[in-house]
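*Asks:* According to TrEMBL, the protein has these features:
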- 29-53: transmembrane segment (TRANSMEM)
- 74-92: transmembrane segment (TRANSMEM)
- 98-117: transmembrane segment (TRANSMEM)
- 137-157: transmembrane segment (TRANSMEM)
- 169-186: transmembrane segment (TRANSMEM)
- 198-217: transmembrane segment (TRANSMEM)
- 237-253: transmembrane segment (TRANSMEM)
- 260-282: transmembrane segment (TRANSMEM)
- 302-322: transmembrane segment (TRANSMEM)
- 334-361: transmembrane segment (TRANSMEM)
- 381-399: transmembrane segment (TRANSMEM)
- 411-432: transmembrane segment (TRANSMEM)
Amino acid sequence: MDPLKSFNSNKHLKEEFVSNLSGSSVLEIIALTITVPMLVLIRHSTSATGAFLKKKNDDAVSKSSNFKAYLSTLSLDFIIIVVPMLLCFTVLSNWTYIFTILLMLLTFVCIAAKRTAASSISIKGEHNSIREYITSYRVVVMIITFLCILAVDFRIFPRRYAKTETYGTSLMDLGVGSFVLANALVSRQARNITSVNWKTAIVSISPLITLGFLRLVTTTGVDYQVHVSEYGVHWNFFFTLAAVSILTSFVNVPPQYSGIFGLLVLVVYQFCLIHGLSAYLLSDERGMDIISQNKEGIHRYWGMYLVGVQLGNYLIFGSHSSGLRSTKWVQIRVWILSICNLPYVTSVLADNLQLLSILMLGDLIPGSKTSVLEEALNRNLLATFLLANILTGLVNLSVDTLSASSITALSVLLGYAYILSTAIGTADYFGVKLKFW
């Protein structure tokens, strides 16, 4: 046996396991999108305002005591937010609608109970800031992502949630699009910061390009399974984010017009799909040139990013980049937009705006405005994604994911998610932040 391939003897079986899938229903995806932010709201409702967020200090005794309290709070966040989310994506997947309804009822109970208690003692809840909503939204997208990228390799994860091959819609189909949109909403362009030269733009994306090449080299080196129809032979998630960022920096479109330009890009792309591009992308045939080898990875995300930039500028940031729109103003428009949307790009916009609109119910729930886990992940989103990819690779190379029982799979996934959460939480507690630009 080839010593390299011995690292991953089930490579082809694992690739087949995530291939030729057709997805689930739009209604089920909506139900899942509603479920996730409600878990965050429920956690906020169970925390007192000003939840434990104290970091280290210079006193060794106090530092040890504070760190234990910090980990306890982080663990509680994990139990209330991450564990039910993982169960919903795996062992409770056949009861998605029932689980969603129960969470809706529980959320309404929390709202009613907390508001009644606040009213009885004449306390008026403080409104969440837009920053807190966006923080929760970006963190939720990250949690869904790091749970799914490993869970998809186990049989406990329903195949209808995995990425579709040609047509259809699934939970994981929203992944890259959600990342692109989350970045666009708070990008420099959305804040109308356009004074970026080419050198600055290239430096800012250099970590993504480096990570893209590192992933390419390491996956090839250990013969790791790669779903070629997802991005192509050499392309990957990091290259997609880098390409979108560099295009937006070089083609400097004012944020108030970027949505129109983005729609134009999407219309041209759709026209090309209708007139032969779709058949080309869906074909298994590949030429020897770099574009043909990676034809799936170079497509629609730039248009989506541009639309996200205008939405961020319109919904979140005011006419001046330093100012934020009023919370109520944003809430009304997000709720309206979340119920007024159209194939892939518009479905991503609709689902993500729906997620954000549910989080905006936080004003109705007096209590903590965020959680320790959310703050930790938000400060190290890139590190979270990198560590998740490393741990996912290690698990796949050391565990036969296809043969694992449901109990084994769930145990591995829980352990993986907890290690990831506590590692990022610990890094945040000690002030470690992975940021290159």
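The backbone N, Cα and C atoms fix where each Cβ goes, glycine too.
It should be emphasised that the depicted structure is a prediction, and the values quoted were computed from it without experimental measurement.
Please go over these features one by one and say how buried each is and what sits next to it.
*Replies:* Residues of the same chain lying 6 or more positions beyond the ends of the transmembrane segment (98-117) and with a Cβ under 8 Å from any Cβ of it are 31-32, 34-35, 38-39, 41-42, 45-46, 88, 92, 125, 361, 364-367.
With a cut-off of 8 Å between Cβ atoms, the residues of this chain six or more beyond the transmembrane segment (198-217) that come close are 234, 236-239, 241-242, 245-246, 249-250, 382, 386, 389, 436-437.
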*Asks:* To the transmembrane segment (137-157), which of 169-186, 381-399, 411-432 is linked by the most Cβ pairs under 8 Å?
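*Replies:* That would be 381-399.
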